[in-house]
Amino acid sequence: PVLLLEPVPQNPGPQNEYDLLVIGGGSGGLACAKEAAQFGRKVAVLDYVEPSPQGTKWGLGGTCVNVGCIPKKLMHQAALLGSALKDAQHYGWNIAQPVHHTWSLMAQAVQNYVKSLNWGHRVQLQDKKVKYFNMKGSFSDPYTIRGLTKAGKEVSCCVISAILPVCSQIAGALEYGITSDDLFWLKKSPGKTLVVGASYVSLECAGFLTGIGLDTTVMMRSIPLRGFDQQMASLVTEHMESYGTKFLKRCFPTKVEKLESNRLQVTWKNTDLGTEETDSFDTVMWAVGRAPDTEALNLEAVGVKTNSETGKIVVDASEATSVPHIYAIGDITEGRPELTPTAIAAGKLLAQRLFGQSSELMDYDNVPTTVFTPLEYGCVGLSEEMAVRCYGSDNIEVYHAYYKPLEFTVAERDATQCYMKVVCLREREQRILGLHFIGPNAGEVIQGFALGIKCGATYPQLMKTIGIHPTCAEEITKLHITKRSGLDATVTGC
Amino acid sequence: MKNLLNMLKVNGMLGNSEAAKYEKKVMVLDFVTPTPLGNSWGLGGTCVNVGCIPKKLMHQAALLGQALEDSRKFGWQFTEEVKHNWMTMTESVQNYIGSLNWGYRVALREKKVTYENAYGEFVGPHTVKATNKRGVEKLYTAERFLIATGERPRYLGIPGDKEYCISSDDLFSLPYCPGKTLVVGASYVALECAGFLAGLGLDVTVMVRSILLRGFDQDIANKIGEYMEGHGINFIREFVPIKVEQIEEGTPGRLKVIAKSTKGNQIIEGEYNTVLLAIGRDSCTRKIGLDKVGVQINEKTGKIPVNDEEQTNVPYIYAVGDILQDKLELTPVAIQAGRLLVQRLYAGATSKCDYVNVPTTVFTPLEYGACGYSEETAVEKFGEENIEVYHSHFWPLEWTVPSRDNNKCYAKIICNIQDNERVIGFHVLGPNAGEVTQGFAAAIKCGMTKEQLDSTIGIHPVCAEVCV
């Protein structure tokens, strides 16, 4: 979440204090600031966290570090270790029952690590001589930011928080519900939890809550993981169901009330059955999307255009907004993937273009990503439906396979949803359009292949690559059954 | 009894039901000569029975031991004392292998490939004699032959080696816990076995004659050794055993090992429950009658030289797998070579097996994935001034909370400056190295350059992103 200022040399006004002012100390902002500082520029970063409705706040580093990728992956790991404990017994480890999980031990460990990262970022900024202000503010004119410290004093610069979880508008939602902004900082276990939403945030959180032993339900209004390959999305949710997460499909909540016991009573409508249902939970978490907080910035006053529907800032291929010296990168920009690595890369390249004579633009194509649900889903490139839409089903070929990770065999784990597919053009060189993998360590598997796709990898090149044995990833180099053939796509043999 | 066959696989392995697809009459002869200690196994070859598969499963058991410890830091609570039961693990592993042996027999039957559990050897042109367990002999003739006899562990040739020592052929089905173990050797077999035995809680020592992982990048080999030492595995460097004596019989018993320094006259003694020899493997090419049909082998190594179509010097006899001279001893290479060979012979295909840039992974406690040149081979081939090495240590996110092994993981990429900074070597030392390396191997096959690597976006937070 970043807005940047750059002085126009012809500005007749007083000397600008900084060459670059970065608003938002998240993945993109920090990357850009540090890169610009390498070129000897005077850079300042403004970062301020508006407390969540429940009062949660955090330090420097943005969403990823504090309430996103990092705590998410660590809690996901805690859940995976729960499965590992079960597996271990099949592999000969004698663990006396009962085994149980204590939320506060995990939360404290995760929170401590996040705090060390906050500290690390502050030290890094200091080392690179980037000035850091923990303050909030808005544009007062195109070259000046009015800042408000916690005490409300006016200073000459400011900060915004770009993108926040959206809360439902129904009765009781804001008062009694939490979001991902709060979940990772809870001191006590959330207990029996209802997660409302079908985004990856919803599924990832519901996944690890289930994994650490909590009674967890996901309420989805329509389809899971909108925007992702829908066949893969179904496999992900199917696995979660067999893993123990409960699903309320095609339902939406109508009200949340607090009971005497302090539990929350949620009422919802089931659109399939046309009925109204109700149940009580200890925690209700909203994961129904994220929206930018651009109002606080006062962008209108300086003429920065935003998308009327989403509220996100409109930028061109060089991350420039409608105002020449103001740029934007990261989740707050319209039409960009909302991912940490893209924000970081875009931030670095922007700094290199502004101060380092580079002209390289950010390439937003074929950005790989991974959904860290209990059975992970990694992908790069087009979904099957998008490929069909772009090229026509006659012009694409999908090779696929159901496989079983070797480690699941002795552990007697169900591998029904372990699946992969590669979507290629059918003609001539058979260029790969998309690769999708569900299984353990999906991120590790996909990363190298994303690189291959960047190099224009074709299906024959994939087939020429020899597999590493025994791994899950090698199955990608052995994909040979097409969907078109209708043949059984289950991998047999060792 | 004579049968005319199109193709006969001598002492063969998986992956060759390919020929049967083209409606050729195929027979597979597979026979396992028992180990000195009397161990044997079913259809499938080394990988399935005494290689990749049981190795990875036992490695997984060891990793799970570490996971147990990590889990406490992530909030899981259970008794302090956790012990490992060797028999539970081994039984599960052997059951799984049994299912694979069975699966192969079924697959061969379904594809109408004749299978005989018999030892095959050439007795004359186009003719093989098959001898089964009971000594019954049969003769078979075929149009073509494929030799895929693989290798077996080498012994030291010292007093007590065959009587008291075990090899990887015995380890994975050992009916008792090996206890305090001495692993002799510095191969990946030695280090992988030492690694998982230690991970299961056993007292492990590795005796190394000279360097670790000969042929692999030595910088990384040393890091692997350091990591293993840091995790409680003892290394005795520059010694070789000269005698193994039995102190006490048992399961396991007690053995005395006497070793001599390679650098002088120093003699040391040690007591162990088990001695595992992992000093190399020898091709099974000396007793299959190759001289009767004129197939040339390298007399010194026993390996068979072939052309780029896996053909020996005798036109109707082919060979694949570990027995090939100057080729990598890896399962996927053998499978690929075998499959493409059959497609060329019977389906009019022309693709040859691409042996360049074959990726591999060493499943030591800290796993090592590699593809392409090691740093020293790159320097040798291209000259130090013409290569650029980019490297980084990294700390997997999952290791932060348990606070372990900071700065041990490592990745390096070797580029050829003269060829547009093309990536010619990829090395990663860290968890799930195999999964990480596979995709990069595909990218290297596409000729990736450093620039393309730089422009690829990372997936966050995973280990692999450190490489882009």
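Any Cβ shown, glycine's included, is placed from N, Cα and C.
Here's what TrEMBL has on this protein:
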type	residues	note
DOMAIN	B:18-338	domain 'FAD/NAD(P)-binding'
DISULFID	B:CYS47-B:CYS52	disulfide bond
BINDING	B:LYS56, B:GLY120, B:ASP322	FAD binding site
BINDING	B:GLY185, B:ALA186, B:SER187, B:TYR188, B:VAL189, B:ALA190, B:LEU191, B:GLU192, B:GLY280	NAD(+) binding site
DOMAIN	B:358-466	domain 'Pyridine nucleotide-disulphide oxidoreductase dimerisation'
ACT_SITE	B:HIS460	active site, proton acceptor
Original post:
Taking just the CA atoms, what is the gap between B:CYS47 (disulfide bond) and B:ASP322 (FAD binding site) in Å?
Top reply: 11
Original post:
CA-CA, which of the binding-site residues B:GLY120, B:GLY185, B:SER187 lies nearest B:CYS52 (disulfide bond)?
Top reply: B:SER187
Original post:
Rounded to the nearest angstrom, how far is the Cα of B:GLY120 (FAD binding site) from the Cα of B:LEU191 (NAD(+) binding site)?
Top reply: 33
**OP:** May I ask which of the recorded positions B:SER187, B:VAL189, B:GLY280, B:HIS460 is closest to B:ASP322 (FAD binding site) if we compare their C-alpha atoms?
**Re:** B:GLY280
Subject >> Using Cα positions only, nearest of the recorded positions to B:SER187 (NAD(+) binding site) (B:LYS56, B:GLY120, B:HIS460) >> reply: B:LYS56
Original post:
Taking Cα atoms as reference points, which of the recorded positions B:LYS56, B:GLY120, B:HIS460 is nearest to B:GLY280 (NAD(+) binding site)?
Top reply: B:LYS56
Subject >> Counts by DSSP class (helix H/G/I, strand E/B, coil) across the domain 'Pyridine nucleotide-disulphide oxidoreductase dimerisation' (B:358-466) >> reply: 40 helix, 33 strand, 36 coil
Subject >> B:LYS56, B:GLY120, B:VAL189 filtered to the binding-site residues whose C-alpha is within 10 Å of the residue listed as 'active site, proton acceptor' >> reply: none
Original post:
Using DSSP, would you call B:CYS47 (disulfide bond) helix, strand or coil?
Top reply: helix
**OP:** Would you mind checking how many other C-beta atoms are within 10 angstroms of the C-beta on B:GLY280 (NAD(+) binding site)?
**Re:** 14
**OP:** Within the domain 'FAD/NAD(P)-binding' (B:18-338) only, compute the mean pLDDT.
**Re:** 94
Subject >> Candidates from B:CYS52, B:LYS56, B:GLY280, B:HIS460 close to chain A, where recorded positions are judged by Cβ under 8 Å >> reply: B:CYS52, B:LYS56, B:HIS460
Subject >> Structural state of B:LYS56 (FAD binding site), classified by DSSP into three states >> reply: helix
